[in-house]
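Annotated features in TrEMBL:
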type     : residues  : note
TRANSMEM : B:18-36   : transmembrane segment
TRANSMEM : B:73-91   : transmembrane segment
TRANSMEM : B:98-118  : transmembrane segment
TRANSMEM : B:172-191 : transmembrane segment
TRANSMEM : B:221-245 : transmembrane segment
TRANSMEM : B:257-288 : transmembrane segment
TRANSMEM : B:300-318 : transmembrane segment
Amino acid sequence: MTKKKKSIISDQRFIVLLVIIALSAIFSIMSKEFRQYTTLLSMLDFSYYDLLMAIGVTFPLITGGVDLSIGTGMVCYALIAGTMVRSHGWPVAAAMVLCLVLGIAIGALNGVLIGIMNLPPFLATLCTCMITRGAGSLCSATPWPGLTQDGGWFHTIFKITVGTGRSASRYPIGFLWMIILVLLMEFVLNHTKFGRYTIAIGSNKEAAALSGINVKFYHVMVYVVCGLFVGLAAIAYAAVTPTVQPGTGAGLEMDAIGGVFVGGVAATGGYGSVIGTFVGIFVIMLLKTGLPYVGLQANWQQIITGLVLIIAVLIDIIKEKKKAAM
Amino acid sequence: MEKLKQNPIVKKLGLNRILLVCILILMFVVFKVVLGSKFPVGDSIKSTLNYVYFLGFLSLGVTFVIATGGIDFSIGPVMFCCALVSGYCMTSYKVPCAAAMVICVLIGLAFGIFNGWLVSYLSVPPFIVSMASMNIAKGIASVFTKTQSVSWPLASDPANGWFRNIVSYKGFPVGLVIFLGAAIICGIILYNTKPGRYILCLGSNTEAVRLSGVDTKKWNMLSYVICGVLVGIGALFFVATYTTVQPGYGDQYNNEAIAGCVMGGTSMVGGLASIGGTVIGVFIISLLQQGIMAFGLGKGQQMIITGIIVIVAVYADVSARRRKN
Amino acid sequence: MGDVILTMKDIDKSFPGVHALDHVNFEVRRGEVHALMGENGAGKSTLMKVLTGIYQKDSGSITYKGQEVAFHNTREAQDNGVVIVHQELNMVGDLTVAQNIFIGREPKKGIRVDDKKMIEDSKKLFKDLNIEIDPREKMSNLTVGKQQMCEIAKAISHKAEVIIFDEPSAALTEKEIADLFVIIRDLREKNLGIVYISHRMDEIKVITDRVTVMRDGGYVGTLITKDSTKEDIINMMVGRVIYEDPKEHSMVAPDAPVVLKVENLNAGKMVQDVSFELRKGEILGFSGLMGAGRTETARALFGADPKQSGKISIMDKQSGQLKEVTINSPQDAVKYGIGYLSEDRRRYGVVVQKSVNENTTLATMEQFTSGIFINKAKEKEVSEKYIKELATKTPNGDQLVVNLSGGNQQKVVIAKWLTRDSDILIFDEPTRGIDVGAKNEIYKLMSKLAAEGKSIIMISSEMTEILRMSDRIIVMCEGKVTGNIDISEATQEHIMDKATRNIN
């Protein structure tokens with residue numbers, strides 16, 4: 001029994017949860033505005049796409065790879081799909097499907113480059129990052145339909161508004177979907193072949209191949225799943241961004257990848273959890289939302305997320321070193 | 001083909017490099033033939049050279065890092081950070097131009113030390129360090145300049161216009177001389193000095209070098225430091241040619257610099273680097289950008305094409321290595 | 001012995017520059033244990049890799065259960081009942097034991113993997129094999145021996161008809177080997193065909209029915225074990241009788257000073273309270289089972305891995321007195337005149353993509369530089385001197401090390417330390433992966449170095465090597481020194497007894 005107790009306290013996810021509580025407390029004490037419900041609402045609104053990207057990129061990171069194209073990819077799909085709605089009269093539902101299809105396609109491209117052609121993951125995805133960014137900037141700035149416009153129903157996936165005007169009460173239903181997706185993917189990671197082989201690739205690819213696993217296929221699939229989630233993220237991004245701007249999206253991958261590392265994925269792969277990613281992302285989101293309330297302007301966030309990423313990875317490296325020394 | 005490879009002159013110059021030069025010339029001819037008057041020879045050469053100057057320094061820098069088997073794709077944003085912060089010092093704090101130039105290089109040096117320290121002494125994977133310092137560089141630049149663009153003095157500026165002489169002096173391409181000089185120095189460092197030897201060796205097998213009693217961490221870090229300094233110098237050439245810098249950008253040059261380096265025959269796996277190849281690679285990439293623009297295509301297409309080129313170049317390297325083993 | 005289940009005929013396989021298998025023949029019958037023997041690099045593992053589909057043969061035929069087959073990957077071989085227990089453990093450390101055993105063929109319950117069934121089945125497997133391992137344990141938490149047992153359990157769970165054991169005993173304790181033999185005999189009873197690759201002559205006599213010997217990628221012959229002697233087999237393995245007798249007595253002068261004294265060295269689990277002395281001109285053999293902590297001791301001593309405590313003293317060249325030194329990194333060790341020649345040359349010894357010259361001067365760059373510039377002419381001169389002295393077979397010093405054979409790569413590493421003028425050389429498995437002729441050369445070289453006054457620590461798993469080269473033998477077991485034997489008193493039995501002392 002004592003063994004179990006110990007493991008909860010040493011579980012990074014638990015520690016991260018404490019960090020979240022501590023951060024919320026600090027921000028709440030320091031700023032009255034932060035304590036408002038609307039702050040929570042807007043933080044949740046903006047967390048969905050980050051979280052979706054993070055869930056997706058958790059899998060490549062567990063294999064010891066990375067996907068740097070998630071940020072620009074997401075913006076690119078939102079732009080292309082949005083253009084279809086605006087200029088070609090596509091229904092929003094079709095545009096949403098297009099987002100997913102594009103996500104899967106670029107994911108598959110990444111997968112083939114990395115899993116089959118053996119390119120280094122960071123380099124292959126750095127290229128697809130540039131390619132999606134370039135492709136995105138060929139579109140023009142695109143507003144998806146607003147809430148009250150034709151096709152605006154898709155906003156209700158993430159937020160249900162009851163009533164109108166000032167008295168309207170809004171419910172962040174998206175949060176529920178997120179929890180369901182996180183639990184689903186945690187299940188996939190721990191209880192399905194796909195998840196198991198993802199871990200196996202990250203831990204010992206040679207051994208996995210010698211065990212008769214079709215390593216190439218699963219390696220590609222890891223990036224396809226990541227791509228699918230980036231596609232989902234594109235929808236969530238369109239829902240909170242009044243007008244998606246071409247050429248943006250670089251740097252968004254940082255928040256997602258930073259969150260995953262905060263959540264406890266091993267820097268060299270082989271271990272990770274989607275629930276960890278979930279709590280990790282909220283550390284990043286809290287910083288992003290809370291810092292402006294305590295007087296740090298928006299650009300500081302970039303610096304701070306950069307440092308958070310390094311610190312999270314350093315903690316993992318130090319932990320591994322300690323383990324090795326034991 | 002085999003016969004050609006054995007030819008002493010070819011052997012000396014390297015078949016790959018000869019082929020690259022041919023590609024460069026061929027590209028130029030094709031652009032001229034297809035585009036005609038939209039591709040004026042003189043202007044095109046000039047704008048290609050302008051591009052070569054700053055990109056060349058980035059490429060030379062990242063060649064050292066890639067030679068150790070690492071990677072640095074924060075170089076673009078770091079270059080912008082150098083140019084912005086030092087430029088802002090000059091425009092807003094009245095720091096003299098010469099001092100600002102020194103600051104510019106020092107900021108590059110600082111990032112090099114930061115990256116190198118994290119990678120070699122704290123063993124953070126290079127791609128994570130790159131991601132983090134890319135963001136940090138952008139963040140610092142924005143915070144420092146309050147998200148304003150910064151303009152360096154024009155050539156007509158009586159007090160500080162002189163600094164543009166580093167690019168050209170009365171029509172003479174000083175920049176080209178400086179760049180080629182820097183490339184030669186880099187080549188000497190890499191092939192004929194102790195640090196260079198260690199950098200190349202630890203790129204192919206860090207453990208073996210460490211067990212030979214070499215301080216691998218120090219030399220690994222040095223590669224990032226050299227890269228940082230060269231990026232700082234690259235920033236100077238950038239502002240000397242393009243004058244105005246905006247915060248929040250610079251990512252695209254990562255890929256272009258890495259493209260030039262990998263195309264020139266520096267292996268992503270480490271241990272194999274060619275400074276000569278990098279130089280030619282940078283010329284090809286720069287000419288390509290001019291060509292793309294002359295075709296009337298924009299930034300978007302540029303990024304897509306460069307992305308594809310890097311993929312092809314790296315794949316060629318990876319599969320060549322696999323065939324060897 | 002039953003009927004023939006597997007026949008490999010005229011198998012030929014080349015890699016660039018190496019004729020790895022030269023028309024090899026091999027057969028296995030049901031209900032026999034068939035030993036496959038040969039020196040390192042004789043082609044045993046390659047032959048088995050061809051059989052299990054890891055490599056594809058260039059020519060020849062494989063007949064399995066009366067049909068010609070060509071497996072394209074391990075999966076296909078497994079599905080047909082041909083399973084290999086690898087020499088290098090092929091386990092995914094981050095997964096549990098049960099997950100590893102059933103990897104690639106997990107039982108399913110809907111879309112989820114049925115972990116419960118996997119754990120139950122693993123328990124059953126372990127029970128049949130009489131092994132106690134918790135299937136829920138993470139693989140990386142098990143000892144090497146236990147991991148090996150899991151690997152065997154995995155092989156058996158494939159409903160195998162032919163099982164190949166590739167040096168299974170290298171990592172096992174005496175008790176574990178005994179257990180393994182019980183399992184193997186049991187499998188033989190069940191009419192399986194078993195291929196047993198090993199170096200240990202005693203095991204071969206105990207467990208196998210027939211022996212096939214390979215040499216330099218070729219087939220030499222097949223013997224019935226009980227009708228042949230150890231010498232027969234050895235002669236077939238080495239081709240000519242070069243099996244030299246063990247050293248009779250120490251070659252070290254009785255008054256030779258101590259050059260290295262290690263006291264109570266501790267580094268992790270594998271190095272506990274290790275103390276020993278090394279004298280000038282001595283070859284000190286380190287014997288023990290795989291995983292006994294010998295390499296770890298050497299690496300800790302050399303500063304390659306961190307240590308917790310311990311006192312290291314080295315003879316000061318000027319005063320001739322022992323002086324305590326601090327060694328926290330290989331740089332320190334090199335500074336005090338220690339050189340380390342790793343068992344895995346390609347990973348830890350040479351920089352394969354660089355030239356012989358560059359490798360030779362790697363530890364002594366400062367001798368070849370003026371300022372920061374390298375004096376390439378001097379580099380070449382010194383390197384070529386050693387090429388001649390050590391008879392390294394290379395066209396010239398500019399040759400990339402990757403193109404040299406194992407023995408010659410080892411010579412390049414030796415040259416590196418000689419350039420440094422290191423007085424203490426640690427040879428970790430000096431002849432692993434080196435062919436017979438070159439082996440002798442390395443032995444001669446080591447004896448010569450010792451005679452010249454260099455002191456040598458030699459870690460070796462080959463008993464013949466230990467008995468032939470050492471002046472004194474330190475035996476280790478589970479991280480502790482269990483024996484310190486003078487060569488005049490050393491016998492194989494004596495050493496094995498000490499090497500398994502801590503166990504049971």
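Including glycine, each Cβ sits where the backbone N, Cα and C put it.
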* Asked: Under 8 Å, at least 3 Cβ pairs, sequence separation 6 or more: does that hold for the transmembrane segment (B:73-91) versus the transmembrane segment (B:98-118)?
  -> yes
* Quick one: do the transmembrane segment (B:221-245) and the transmembrane segment (B:18-36) reach 3+ CB pairs under 8 Å, ignoring pairs fewer than 6 apart in sequence? -> no
* Structure fact -> Given B:18-36, B:98-118, B:257-288, the one sharing the most C-beta pairs under 8 Å with the transmembrane segment (B:172-191) is B:257-288
* Short question: which residues 6 or more past the ends of the transmembrane segment (B:98-118) have a Cβ under 8 Å from it? -> 72, 74, 78-79, 81-83, 85-87, 89-90, 124, 129-130, 132-133, 137, 163, 220-236
